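A.B. asks: Before I ask anything, here is the structure I am working with.
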């Protein structure tokens, strides 16, 4: 049995890093755990869960993934935990649909955002579909858009960037004309 204040080498307690660790209780909740020990004191006084609660950037287990979706952290005892993909997180739109249906979603079930806004997770904006029908609908939408003369927005963005480049070039010409002659 380990006692509070006991110090051990990292390898003795199954850690892969080097150095010493101290058995310490969290200052907030009292949870006991091994903490890195440097220069006569512990590196952390709170456990990770308590530390997350007081950090200024903690969002209550909500993160934005690189694809623009909101992900929610679930605890292992949560009813919808089987839907978790990585690190205890599940996509919010899938969680909203699962809660609406009262069951976990299967991996082959797709939740589609009707308006295309990935952070708009209202149930009236979500639609449950399969992979095949989801792909067909997106493809059909692109075909319909091109037939109507609509584009994917790249041309508008290119025009904006061209205008910006023109503006910057004119600013450069103006700045060069204002510089003293010996600096040119």
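Even glycines carry a Cβ here, placed using N, Cα and C.
Keep in mind that TrEMBL annotations are predicted by a computer and have not been checked by a curator.
From TrEMBL, here are the annotated features:
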- 151-178: coiled coil (COILED)
- 93-130: domain 'HNH nuclease' (DOMAIN)
A.B. asks: Residues of the same chain, at least six outside the domain 'HNH nuclease' (93-130), with any C-beta under 8 angstroms of its C-beta?
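C.D. replies: Same-chain contacts beyond the flanks: 64, 67-70, 72, 74, 79-80, 82-83, 137.
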A.B. asks: What are the DSSP helix/strand/coil residue counts across the domain 'HNH nuclease' (93-130)?
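C.D. replies: Summed by class, the stretch gives 12 helix, 10 strand, 16 coil.
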